[in-house]
Amino acid sequence: MVQYKVTVFTGDCLNSTTLNNVFIKLVGTDGESDRTWLMGLKGATSFVIGAVSKFKVSCPTSLGNLVLIELDKQSLPLFPEDAWFCAKVEVKSPEGDIYSFPIYRWIADSKVHRFKDGKALRVFEDNHHLGRYSRQQEIQQREEDYRWDAYAEKIPHSMKAENPFSLPYEVQFSFTKTTEFLYTASTGLTELKLKGLDNCKKKWDNIDSINRVFCCKKTEISEYVHEHWKEDAFFGYQFLNGVNPILIQCCANLPSNFPVTDDMVFPRGQCSLRDEIKKGNIFLCDYKHLEGVKTNTINGKKQYLMAPLVLLHKAPDDKLMPIAIQLKQTPSDDNPIFLPTDSEYDWLIAKTFVRSADFNEHQLNAHLLRTHLLAEVFAVSLLRNVPMVHPLYKLLKPHTRYTLQINFLARRLLISDTGAFTQFAGSGGEGMFTILQRSVCSLTYSSLCMPDDIAERGLEDVPNFFYRDDGLKVWDIIHRFVQGMLGYYYKSDREVQEDSELQKWILDIFEHGFLSQAETGIPQRFTCVTALAKFVTMVIFTCSAQHAAVNSGQYDYGGWMPNTPISLQLPPPTTKGTTSEATMLATFPDVNVTAQGMATMWLLSKQSSDFVPLGQYPEDHFTEEIPRKILKDFQMELEDLSLVIKARNKRLEVPYTYMDPAEVENSVAI
């Protein structure tokens, strides 16, 4: 007889414990063990939270190289079946070899679950019939667990689920996350001291009233916003470093539907538009996706959403200053071009309509579509098509954490018929799907790859663009990490081409995420390691840094409502000289709409206590020495960048923290 020494690691998350009996079978190239009850000296405490328990499995002869293990658990007669979170199993063979089987999943039933050795053999090397059998079984089960669903026409597909608890255990929130999320969602109005205002359908009668509400909960940046929201320099700054930094572009030619003249923007003749455009000093923000969108009716009143064109000029002091605003796409006598030289409230209300348009564009395109919905597509395709031992699974699994459940909750709590966005945003209801569909039509691969996107928008040299500066550094660090990892596992382009699991992953993304539209530039298959590395970099960047950039500052920039009105209830002026402070107050959303917007942005900006920062891989999937070294180098580079960003921020009037790796969550988890 020979003995195998088995060590079982139970996870340390809440409710990981099982009191059921656990059984194991070892499968090797030369045979398999009997199904063995793992009963040790610890007895019932062998599989409690955080336990590391040792057992012995006896076999008549050596099993050769271990290929997989089979685990199952059975409830005792008087005990209910419970869910057990097994982290990993290590087995030491009689020959002294140590095999590691990463699991990191909930086992909630009495079925047999198979797990392969953690050395991520590429599929084209893994021809042993036992290994192939295991992969096929795993993929078949995953295809049943993770099914596609079309939530709405012409937008990326989602995970099919009846409720959060019908999601597979491995992708559900932890107990901690669930408790904190539900608490914040249910007490947001109370925490912000807005309880009672959520039912007040009155208009704001003065700015001081808004100020008293806002003062209940402030952040360092929201306080700055409160003090500077009227200033042109801060208005321009937000296009670079606010929550929607993906719209602004260098203006190579003035749009034909935006008839701005030199006399309008340079009345003293100090320069000309043509010359400033040629120098790269003129910038454009075009909200054309919002044109003609059906707007909401809130508190029985029709709401108004414009599709502005905004022209900005880089001043000699490097500040980005707005110089012209047209609130509707088609020029006409009742669609004036507003200028900084207009009366205070004419110019201020024009900027207010832009900020409201930016809220709707940001939430639906930059935030929902380009991070949440795409992250869900990446995750579902990974979990459907790629086995646990595959290097791609190991690379991307941490970047899928909580995404499927948070998106399910977003569909139920934010954009459903009774959702907060549907009820209280200017584009809520039919309009939001129009904007989403238009945004999908303009979605391209290059716009998701930050270096390409910055170049295409002509923003390489814009000063004080911290989103770009920090984001490009994060992109480069991720890219080096991905190149190192994939270069270790794939020694040639041919190996990429022949990896059927990898090819199924990208094809599913192309079909279900980008709706089979070849013009997006999304690959339908991978032909080389270089192309694979770029795409995987984009996936990790989108799910972590890009989401942080468009999510984490929502309350910072939206907590003071006049800076980011989620809806407006009067149309813009059709002639100049007719706007006053009273007009602006009447245009702002009602008190209850303001309160609901603040509470929602507070919820979406709040970091969970079980937050996992970018670069951390809590699940120990990488067992080989070289990948472990590459991962360590990745983490050190991110730590160094974090220190650089923190030092830079100390010198800034408005710190830019959203791309600091220490503040970036590994996944779309909120």
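Each residue's number is its place along the chain shown, starting with 1.
Every residue gets a Cβ built from N, Cα and C, even glycine.
Database features (TrEMBL):
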BINDING   ASP82, ALA83  Ca(2+) binding site
BINDING   HIS367, HIS372, HIS547, ILE670  Fe cation binding site
DOMAIN    2-121  domain 'PLAT'
DOMAIN    121-670  domain 'Lipoxygenase'
SITE      TRP106  site 'Essential for stabilizing binding to COTL1'
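Within the same chain, residues at least 6 positions away in sequence whose Cβ sits under 8 Å from that of HIS372 (Fe cation binding site) are THR403, ILE406, ASN407, ALA410, HIS547, VAL668. The Cβ neighbour count for ALA83 (Ca(2+) binding site), using a 10 Å radius over every protein chain in view, is 16. For the Fe cation site, the Cβ centre of HIS367, HIS372, HIS547, ILE670 serves as reference, and the other residues of the chain with Cβ at most 8 Å from it are LEU368, THR371, ALA375, ILE406, VAL550, ASN551, LEU604, VAL668. Shown in sequence order, VAL243, VAL550, ASN551 are the residues of the chain, 6+ apart in sequence, with a C-beta less than 8 angstroms from the C-beta of HIS367 (Fe cation binding site).
Across the structure, TRP106 (site 'Essential for stabilizing binding to COTL1') and ALA83 (Ca(2+) binding site) place their CA atoms 6 angstrom apart.
A separation of roughly 25 Å, to the nearest angstrom, links the Cα atoms of ILE670 (Fe cation binding site) and ALA83 (Ca(2+) binding site). Mean per-residue pLDDT, taken over the domain 'PLAT' (2-121), amounts to 91. Counting residues per DSSP class in helix, strand and coil order gives 3 helix, 61 strand, 56 coil for the domain 'PLAT' (2-121). Within the same chain, the residues at least 6 positions away from ASP82 (Ca(2+) binding site) whose Cβ sits under 8 Å from its Cβ are THR17, THR18, LEU19, ASN20, SER75, ALA108, listed in sequence order.
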